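Straight from TrEMBL, the features:
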COMPBIAS  395-407  compositional bias 'Basic and acidic residues'
COMPBIAS  438-455  compositional bias 'Low complexity'
COMPBIAS  456-475  compositional bias 'Acidic residues'
COMPBIAS  485-495  compositional bias 'Basic and acidic residues'
DOMAIN    12-46  domain 'SAP'
DOMAIN    105-264  domain 'PINIT'
DOMAIN    296-381  domain 'SP-RING-type'
REGION    395-495  region 'Disordered'
Amino acid sequence: MAAELVEAMNMVKSFRVSDLQTLLASMGRSKSGLKQDLVGRALRLVQTEYSPELLKNVRQLYESRFPKTSGWLAARRPEGIPVAYSSLSSSPTATSQGADYLNGISKPIPTPAAEVKLVPLPFYQTLETLLPPTELIDVNSEKLQDSQCIFELTPNQADQIRNASELRPGIRSIQVVLRLCYTDSIGVQEDQYPPNIAVKVNQSYCHVPGYYPSNKPGVEPRRPCRPVNITPWLHLSNVTNRVTVTWGNFGKRYSVAVYLVRVFTAADLFSQLKLCSVESAERCRERIQDKLRFDPESEIATTGLRVSLICPLVKMRLGVPCRVLTCAHLQCFDAVFFLQMNEKKPTWTCPVCDKPAPFELLTIDGLLSEILKETSEDIEEIEYLTDGSWRPIRDDKERDRERERSNTPEYPVVDICIPEANGHSPAHSSTSVGMAGGPAVAPGGGAVVDLTLDSSSEEEGGGAGGDSEDTEDSADSPAPKRGRYNYDKDLVTAY
């Protein structure tokens, strides 16, 4: 009887919400509430009102979900799961530690979520599955839950890890990683951490990626959900490895999986990209002609498309032009910088249009690669024409500069020391007298005026020479106005 009771309770724990509601409704119980409420209500029903009829209903619901299995342990060990995973249910340590749950009944064994599929990651190549996607089961009503999984490494797997090359000090190219995601059978699931996550491997906490700070006001920091490397804390022998995941139970279902993977670098992916995904120049020209082909139904005819030779990621000249096959634009970004940025912070988003840019859809633009080799560094933009040809935009910029220079009026340089240049006669001066009694003459022909002389020097240096000049001028024109100093007040010749 005790064995059948334990078997029935384990079956109930694997039920979905619809199964739990069917069971509770058949026994006259309420079927409303969250899944954890339904599980607790069904477990209490099995414990308090155990009967052959109830056991029959439980078996029927269980067999409708797992038609190929005949027992609880068989359901926990589906075909194709490695032998290392079988230690989950056969480990005596796990059974003894869970003996305090539900009056001596052992804790539930983690359920393999066989229908959950994780999305492939470009920087990780899965070599072997050590633990298939397994749902994290909440064992009580506490917000923080602890879920354990156990696996062992074979001698071949341990040797692969020991003999792997180092990507950088302490980081090997062959790793054992832990991945978490939502428990959902629809489509492939991306990595998603549960709240308050902590991972402990063999009694030692391992590093879990933290939050990225946000530079935008009002935007919360985002946590990068990527595989957790647990290799440094593992036993590279036949000793059992125990992984404990602490997670926050807030109504969502999560699954955990462990894989043996090979880790690639950005340089490795770039080599793959150059080898397998380069679009020829001829195909690129056909794409350009398709975009610029005349459409009789359109009121606007496009005669050219401008493309920048500057990478939108780093604002530098493109080295290896790359774009996404599903994007409608012809603008490219630098493949090397794009892979390096996604290696550190995986977003896989097109920097031009913000649409998804998975590695499988990246391609190198062969035509733009040729253009970059043919153009000089000072050309930053080109224009594609309707026939698939192109032209640099530098000529237009130089033409604009020439037009600006031609619109600037050119004023002649006037030498005010020459009398004919300004239409005035040279200034008369009687304050600066040469050695022969006449005024000092500059090399350009103008009279030199000494403005440092004061009235006292004027009285001492005044003479007949100045009076004779004034007498000669007075016959033709009125005497000029005199200021403090004895020179023409209206005009002073400068040099």
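Positions of Cβ are set from backbone N, Cα and C atoms, glycine also.
TrEMBL annotations: computationally assigned, not manually curated.
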Helix, strand and coil totals (DSSP H, G, I; E, B; other) for the domain 'SP-RING-type' (296-381): 22 helix, 20 strand, 44 coil
Confidence summary for the domain 'PINIT' (105-264), mean pLDDT rounded: 87
Within the domain 'SAP' (12-46), residues counted as helix, strand or coil by DSSP: 24 helix, 0 strand, 11 coil
